[in-house]
């Protein structure tokens, strides 16, 4: 193993505990066996918590059950991975505990699954220990293209910070349009492979009969139509990152070949006997339930465990509605930067969008913004300008819009420490241009005030508690537009 470690086997079923200890001894794994009552005394025999590779957890009959024991283990070492013996983690367990459960093992465990699970625990442990040894703490806004202050997006950022510059395989889970490729590109950009290529491939968009050639390349004459030799995606990604999007759509025969490459880091082009070595990091993504596919026999379990070393789950947009206003600002800013027009949304329209279900997630929101920018160039969008399916409040319902806005602002402030809260601003590790930062902050607040005031400068100045003439000067400074009826007052 990568260093001297022991497995901590905690099980109140003595017969099962004894049987599993025999299996682990046969595999050459050192373990400490105990029950749920005396685990602290046994763990005290270790020099420190990092000497424990993982915990194999079986029946827990002590007070509070498995959840209480897992909380105790987390207080001892929050980075300690868990392998469950028997049933998988119940759905009602807290998310922070479920995230540390890497696998569940049936008794007697299969040889391959036990080895794969221990391998995942080893990679998981090594990854966290490397980050801890470096003492690296990236600032929360490092991954800037992940827009939002919700708890869900903060958790994604935190997990990305932990795994970015390791070589661990990452499996990104989430509905279509939630930004899985954005996460993959961020992981590559902030890894030690950032100078290497990032090569995406959509496994569901390539016909099954062409997928092998697409991934591994082919030699001239390997099949009808192969008039020249061609490098595959693995070759193109050598030294960098290969992003396998929609991995759940990969046919079973291709899954076997992919598993071999992941295990041996070698492959052959179609029509060639020459074995090539490859050094790539694998990031996979899917919107499908791979565990259900394993049960149905449409996805290989061993491949799943190879890919699922570090899972990251993207929340759907309907579960982080407090991010919608920020996403709108970001999407509009990108349009303006690309000189594709601009629009603004009033408060009622934003509140109406917050009540939409968003089956297409962020992609659906981006398409809506682009559509409205074409239909109402440089206009202020109210509820009446939204397509019918997005109208969930009335423009006149200002009281509802105000209360909803306050609720969203409160949620965002609690999650992210926005101005007005006690949480301090975070200085990026690379530093920043304070003058530019403050100018951007001021411009953003002015724009928010103008949006809330429907573009009326006088009302916006009242919200900002400054003189109207001062606001006009600042708007001229930043090149911001204002309503025609205000221009006549100057």
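In case you wondered, yes, glycine gets a Cβ from its N, Cα and C as well.
Here Swiss-Prot flags 142, 186-189, 330-341 as 3',3'-c-di-GMP binding site. According to Swiss-Prot, the feature ADP binding site maps to 147, 177, 178, 179, 180, 181, 182, 334, 363.
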**Q.** Residues 147, 177, 178, 179, 180, 181, 182, 334, 363 binding ADP per the record - widest CA separation, whole Å
**A.** 19
Q) Going by C-alpha positions, which of the binding-site residues (334, 337, 340) is nearest residue 182 (ADP binding site)? A) 334
Q. If you measure residue 178 (ADP binding site) to residue 188 (3',3'-c-di-GMP binding site) at Cα, how many Å is it?
A. 18
Q | Cα-Cα distance linking residue 180 (ADP binding site) and residue 188 (3',3'-c-di-GMP binding site), given in Å to the nearest integer | A | 13
(Q) Between the Cα atoms of residue 180 (ADP binding site) and residue 331 (3',3'-c-di-GMP binding site), what distance do you get, rounded to the nearest Å? (A) 17
Q. For residue 340 (3',3'-c-di-GMP binding site) and residue 363 (ADP binding site), what Cα-Cα distance in Å is obtained after rounding to a whole number?
A. 18
(Q) If you count CB neighbours within 10 Å, which one among the binding-site residues 188, 337, 363 has the smallest count? (A) 337
Q.
So if I measure Cβ to Cβ from residue 147 (ADP binding site) and keep only same-chain residues at least 6 apart in sequence, which ones fall under 8 Å?
A. 153, 323, 326, 327, 330
Q | residue 363 (ADP binding site) and residue 331 (3',3'-c-di-GMP binding site), Cα-Cα, nearest whole angstrom | A | 11
Q | Alpha-carbon distance [residue 334 (3',3'-c-di-GMP binding site); residue 363 (ADP binding site)] in Å | A | 14
Q: Reduce the DSSP letter at residue 188 (3',3'-c-di-GMP binding site) to three states and note it down.
A: helix
Q. Around residue 178 (ADP binding site), how many other C-beta atoms are within 10 angstroms of its C-beta?
A. 27
Q) Name the residues of the same chain, 6+ apart in sequence, whose Cβ is under 8 Å from the Cβ of residue 334 (3',3'-c-di-GMP binding site)? A) none
Q) Looking only at 180, 340, which of these binding-site residues has the biggest number of Cβ atoms within 10 Å around its Cβ? A) 180
